[in-house]
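Chemist: Here it is, the structure in full.
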Amino acid sequence: MTDQANTPVAKKLFIKTYGCQMNVYDSQRMAEAMGAEGYVLTEDQSEADMVLLNTCHIREKAAEKLYSDLGRLKPLKAEKPDLKIGVAGCVAQAEGEEIIRRMPVVDLVVGPQTYHRLPAMVRGEAPKILTDFPEEDKFDHLPARRATRRAPAAFLTVQEGCDKFCAFCVVPYTRGSEVSRPVERIMREARDLVERGVREITLLGQNVNGWHGAGEDGREWGFGRLIRALGDLDGLDRIRYTTSHPNDMADDLISAHRDVPQLMPYLHLPVQSGSDRILKAMNRKHTAETYLRLIDRIRDARPDIMLTSDFIVGFPGETDEDHQATLDLVAKVNFGTAFSFKYSPRPGTPAYERAEVDSAVADQRLQDLQALLTRQQKAAQEGMVGRTLGVLFEKPGRNEGQMIGKSDYLHSVFVDAPEAQVGDLVQVRIVGSASNSLQGELAA
Ligand code: SAH
Ligand code: SF4
Ligand code: F3S
């Protein structure tokens, strides 16, 4: 959707994004950077002049997907020798030149902190492999976000990297150490987005609530203060953020959930396990009890908040008792939804060499946990029926006159609203709950 007025023949770029929302955001920024080079996005890989795979390294399966996708690209490259194939993201960072060695069809490998140089790489004016952590800030070298038309909900990366070093996790190695973007840049990007019709912004970071920086008043701001400043931005109706670490939930952030009406009543707060022994082995630096007390304080500030989380089952050393402690924690908190994963040993992480839990046992634990989480998710959804909620329309539905939007709690809601347009934020009465969505009616 980039303005192409000055470019005679547009080349076509196909991007496939794996992994987390930060990759989704990075893919958009790479598309914008390539847009300035005359590339337009295509949904059809077979007509592409360039294919860019923006990869995830978090679990083995995620990383292996890259190689099966590259295998499938071989015939296309044989047919079209000029086709450029680029690998970006966290596998690019972790494996670097190994990717080209294993898959010679790949032309370029670019890490998450160097992708502002992608246009130069494509022009042949920069090395084919760029995976350093440069001193310069890539955001200073990317085109301003004014250039593109916007959907009503957008991502905005405010913080990158991680210094927490959980024993299972590759992120501190693939994304580097924690860096917060300056307030003034964040506010400028938010204003640009709002001017282009964005009404909801999700602030992104691997430890987004650990964001801090010098504020517009010259004082050191924490993340709560940043949210308050965004709450004062005219035209920005909804604010969300993800992902947070429990140890970075400062008082000012918790009270922002009470004070800032634009801040949606939804919080993703990964806990990983309910067993103190396992939390310690994971290097999470909190206990089940401190997590539960934190949840109490958050619910005191915002009683209607919906909580979601991430869990890992089968971490090395996990016993039946440890697993039961996780189920107990889940029962106590009552999550709106949650992601749960079977532990995947990742090369280079502290837990990699540790003895693994029997795979069948881990599978069973995952099933038990998911059954419980699914019951909670269903109950949370059904609890919405009868309530009137804000819904931001994001696209037309399949049926005539139907709109699909997101509720305050991030549920997808289908509404018959023939007069409505994408970008409308309306009050909707929830009348039904299906497996992965809600039905609503426009409130009078
Ligand atoms: N920065 C975020 C998210 C990290 S990755 C955070 O701290 O919460 C998203 C989720 O993937 C993690 O919360 C964890 O549940 C899961 N994950 C990370 N490494 C994993 C591994 N080696 N095996 C299985 N799941 C993993
Ligand atoms: Fe990974 Fe832990 Fe950092 Fe999250 S906090 S990115 S799980 S190391
Ligand atoms: Fe995956 Fe990298 Fe995100 S490893 S989860 S894409 S930070």
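Just so it is clear, glycine is given a Cβ too, placed from its N, Cα and C backbone atoms.
No curator has checked TrEMBL annotations; they are predicted automatically.
So TrEMBL lists these for the protein:
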BINDING   C20, C56, C90  [4Fe-4S] cluster 1 binding site
BINDING   C162, C166, C169  [4Fe-4S] cluster 2 binding site
DOMAIN    11-127  domain 'MTTase N-terminal'
DOMAIN    148-382  domain 'Radical SAM core'
DOMAIN    382-444  domain 'TRAM'
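I'm curious about the neighbourhood of these features; can you describe it?
Modeler: Within the same chain, the residues at least 6 positions away from C20 ([4Fe-4S] cluster 1 binding site) whose Cβ sits under 8 Å from its Cβ are C56, I58, T243, listed in sequence order.
DSSP gives C169 ([4Fe-4S] cluster 2 binding site) a coil state; it is part of no helix or strand. A C-beta separation below 8 Å, combined with a sequence spacing of at least six in one chain, links C169 ([4Fe-4S] cluster 2 binding site) to I58, C162, R346, T349.
A mean pLDDT of 96 is what the model gives for the domain 'Radical SAM core' (148-382).
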Chemist: Just how many other Cβ atoms lie inside 10 Å of the Cβ on C90 ([4Fe-4S] cluster 1 binding site)?
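Modeler: I count 26 other Cβ atoms within 10 Å of it.
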Chemist: By DSSP, what is the split of the domain 'MTTase N-terminal' (11-127) into helix, strand and coil residues?
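Modeler: So the domain 'MTTase N-terminal' (11-127) is made up of 58 helix, 24 strand, 35 coil.
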Chemist: In whole Å, note down how far the CA of C166 ([4Fe-4S] cluster 2 binding site) lies from the CA of C90 ([4Fe-4S] cluster 1 binding site).
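Modeler: With the alpha carbons as reference points, the distance is 17 Å.
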Chemist: Among C20, C56, C90, C162, C166, please name the binding-site residues whose Cβ is nearer than 6 Å to ligand 3.
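Modeler: By the Cβ criterion, which requires under 6 Å to ligand 3, the hits are C20, C56, C90.
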Chemist: Among the binding-site residues C20, C56, C90, C162, C166, C169, which have a Cβ atom lying under 6 Å from any atom of ligand 2?
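Modeler: C162, C166, C169, in sequence order.
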Chemist: Take the mean position of the Cβ atoms of C20, C56, C90, the recorded [4Fe-4S] cluster 1 site. Which other residues of that chain put their Cβ within 8 Å of it?
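Modeler: So the additional residues around the site are Y18, G19, M22, N23, T55, H57, I58, A62, G89, V171, T174.
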